[in-house]
Amino acid sequence: MGTTAPGPICLLDLCDQKLLDFVCNVDNKDFMWLKEIEEEAERMFIREFSNEPELMPKTPSQKNRRKKRRVSNIQDENRDPVRKRLSRRKSRSSQVGTRHLRSKPVTIVEENGFPVLQRITRATAAAAAAAAAASVASASSSSTAGSPTVLTKKAVVEISTSERLSAELQLTKLKGSLPPSPVSQGTLTSEEELTPKKSEAGKLDSVTVNSLKATPQSPKNRGVGEGRSVSKLKIARASWGLQDSPGSTDSPWQERVLSPILLNNILPTTAKSPLGNIRSVRRSLISQDSQVPLASKYNLVAKQENGSRRSSRRIAKKAGKEPEASARIICHSYLERLLNVEVPQNVGLEQEPVEVAEPEEAEEEQEVSKNSGCPSKPRSATKIAISTPTSKPAAAGQTTTVEEQEAELDQTDGHREPPQSVRRKRSYKQAISEPDEEQLEDEELQPCQNKTPSPPCPANKVVRPLRTFLHTVQKNQMLMTPTLASRSSVMKSFIKRNTPLRVDPKCSFVEKERQRLESLRRKEEAEQRRRQKVEEDKRRRLEEVKLKREERLRKVLQARERVEQMKEEKKKQIEQKFAQIDEKTEKAKEERLAEKAKKKATAKKMEEVEARRKQEEEARRLRWLQQEEEERRHQEMLQRKKEEEQERRKAAEARRLAEQREQERRREQERREQERREQERREQERKEQERREQEQERLRAKREMQEREKALRLQKERLQKELEEKKRKEEQQRLAEQQLQEEQAKKAKEVAAARKVLNMTVDVQSPVCTSYQMTPQGPKSIPKISVDDYGMDLNSDDSTDDESHPRKPIPSWAKGTQLSQAIVHQYYHPPNILELFGSILPLDLEDIFKKRKTRYHKRTSSAVWNSPPLKATMVPSSGD
């Protein structure tokens, strides 16, 4: 690059300006986030874990609000906020561009041509933000200097005693396997630094894992454990040479541009692009796989990129086996999940075989998951154990070993979580199960002396908490505010804290300790089994979700292919239709030309035919006129003949009608005479019948009168006999009473004379009540018998009389000749019902009862109806 060229100089000035803007942005925005994270980490270090978690009130409105806001807070920056589905509102070109922006890490090609990947970490970002304000002036001055400088200052990072001891022990183990290399500087990098991206990448700095603490897991649940475990970054002293690094240059541009953002003049391995720095520090903790759309897995470009990544991984594995002078402390499991690439490590095969094998298995599992199209969703976060300058050193008389200190540090770091604003809002089951598992994993590493034994308690009063209670507590813990999330994110196991220990005063301390350890071991085994079961269920659910998403995406892609095929077919059909239309137009033109020629020939023929037709028409018209004249004369002659014939017929008809009228008149006269004679005869018969009936009536009345007189006479005689009988009985009764009174008086005198006692009460039994009737009945009323009333008012409760022997007399008008005459007269002279009663309106039950019921308009009787109702809506039913 020529220094005198104006274009590159302007480009360098533009880069300087952009970089200064980025530094100001980091100072004003990102630094505030880093300060908040640092304060949260300090609170996590110094907080007291024995306090009870503060629970938020759970109201129905809050529950509903939480359910509605389950959308992840961490969304892709390049994603359209309106876009909701993969198959809508995005063309294929925009999707490809978006996929590259999401999945492609930021690379910058240096002057030597090596593409190197670098991302900002928490430590680097915090250091750069802290030194940004102080180094702006030096950056402007160094940009004009233009002389290459070599940065040799070192960054001093204080570490705790346990970390220093573990790092020294690890370095002593690695001295035999690693070749000597100049130690220039110790630095702390995140998992994302120095990851090989393409196959043509040059030599990269190797990585040494000094201390990688992991909970022992079985191969069965190792995949889940790696996806959910919390990584720990231990600080060790590693060195790397600036002069030997392929990415380092001594150009004046690098000195001028990179100096403002370096902490204590530490030159990073590669320059960072502005696009990579725009991403927030909190977003650096989120997996890139979760932001890559699923559609990228089914495209050919994504498959080619996966192949190139696998080849770069193989090259990185080979390069990782070569010894290098510099080393980094990187948590491989989190780095591989975050970047989806292999990270080479420089650990000897003979040292720490288990720790080296686990990342390789994770790499294989990750490759399988990539090939299957199901990206994992790690929830782990990088944990950096950095001691503050005010932290106290460990006591000289410390009795715990280095391993116990590291275990305690792991337990403390294991409870750290990103702020609640960064964490993705989880569902109900995830909020219950995930914190419980992470808490139990951390509690397994806690020492036993932290447990405070509960007071002795009978076994029947021990409360065995259910699993739902722990889940409820963990769910409430996840629903707290961001300020309380750090204090309440850790909870002691309810079983470990509250389960009482059996205290036997007869046993020794050793026996008690052994029993306690045995019970603790059994509880840990039970918790481990439960945790494994929960992890298995979670893995199965994740697999089901992945399969559903793949199936849905496959259907979407198939639908797109079908739509494209339909478009192609429609396009072909349109082209064929246009071709057919063109052919039809050509044929129509040819046909029109032929038709014109044919019309000309036919026109001449038609003119000739028309001339001949006119001549023939004139001849036919003349013949028709002649024939019409002849026909008219013939019709006139026929009409005259017809009129004469009609006149003759009319005269004959008149004579015949006169004869018929005369005959009818004679017949009518004879009929009237016969009717008169018949009427006279009937009148005579009627009079004779009336006379006979009157005679019979007179005789019957006379007979009835005689019968009544006889009945009255018999009744009088009966009454007279009854009166005589009554008088006779009364006389007998009176005589009996007198005789009885005389006897009683005689007896009373005899008793008084015999006893000579005064004031005696005598009971006299008088037979008067039975001797005669106390209230004699009066004369019975004689019923009045009338000829015309049929005795309707007498004994109305009697049953029907026998027709052959009726008890009551039948009136004369209801029997005999009077009844037959009345029937004959009514038959020949029927009464006019309309004149007598008027027009009878049909009954309407609604008017009668002042109600409306549906059954009024229905026939509900069981009768056989042979005719339809006259008025269906008005005729009442007989069943009502």
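Please read every residue number as a count from 1 along the shown chain.
For all residues, glycine too, the Cβ spot is worked out from N, Cα and C.
Per Swiss-Prot, the features are:
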COILED    506-759  coiled coil
COMPBIAS  194-203  compositional bias 'Basic and acidic residues'
COMPBIAS  352-366  compositional bias 'Acidic residues'
COMPBIAS  434-445  compositional bias 'Acidic residues'
COMPBIAS  563-596  compositional bias 'Basic and acidic residues'
COMPBIAS  604-617  compositional bias 'Basic and acidic residues'
COMPBIAS  630-713  compositional bias 'Basic and acidic residues'
CARBOHYD  Asn450  N-linked glycosylation site
MOD_RES   Ser142  phosphoserine
MOD_RES   Ser190  phosphoserine
MOD_RES   Ser218  phosphoserine
MOD_RES   Ser239  phosphoserine
MOD_RES   Ser259  phosphoserine
MOD_RES   Ser284  phosphoserine
MOD_RES   Ser290  phosphoserine
MOD_RES   Ser488  phosphoserine
MOD_RES   Ser799  phosphoserine
MOD_RES   Thr800  phosphothreonine
MOD_RES   Ser861  phosphoserine
MOD_RES   Ser867  phosphoserine
REGION    52-104  region 'Disordered'
REGION    175-229  region 'Disordered'
REGION    303-322  region 'Disordered'
REGION    350-461  region 'Disordered'
REGION    513-541  region 'Disordered'
REGION    563-617  region 'Disordered'
REGION    629-713  region 'Disordered'
REGION    775-813  region 'Disordered'
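Each residue in the compositional bias 'Basic and acidic residues' (563-596) gets a DSSP state, and the totals come to 34 helix, 0 strand, 0 coil. For the coiled coil (506-759), the model's average pLDDT works out to 90. In terms of DSSP helix, strand and coil, the compositional bias 'Basic and acidic residues' (630-713) has 84 helix, 0 strand, 0 coil. Under DSSP, the residues of the compositional bias 'Basic and acidic residues' (604-617) split into helix, strand and coil as follows: 14 helix, 0 strand, 0 coil. Across the range of the region 'Disordered' (513-541), the DSSP-based residue counts are 29 helix, 0 strand, 0 coil.
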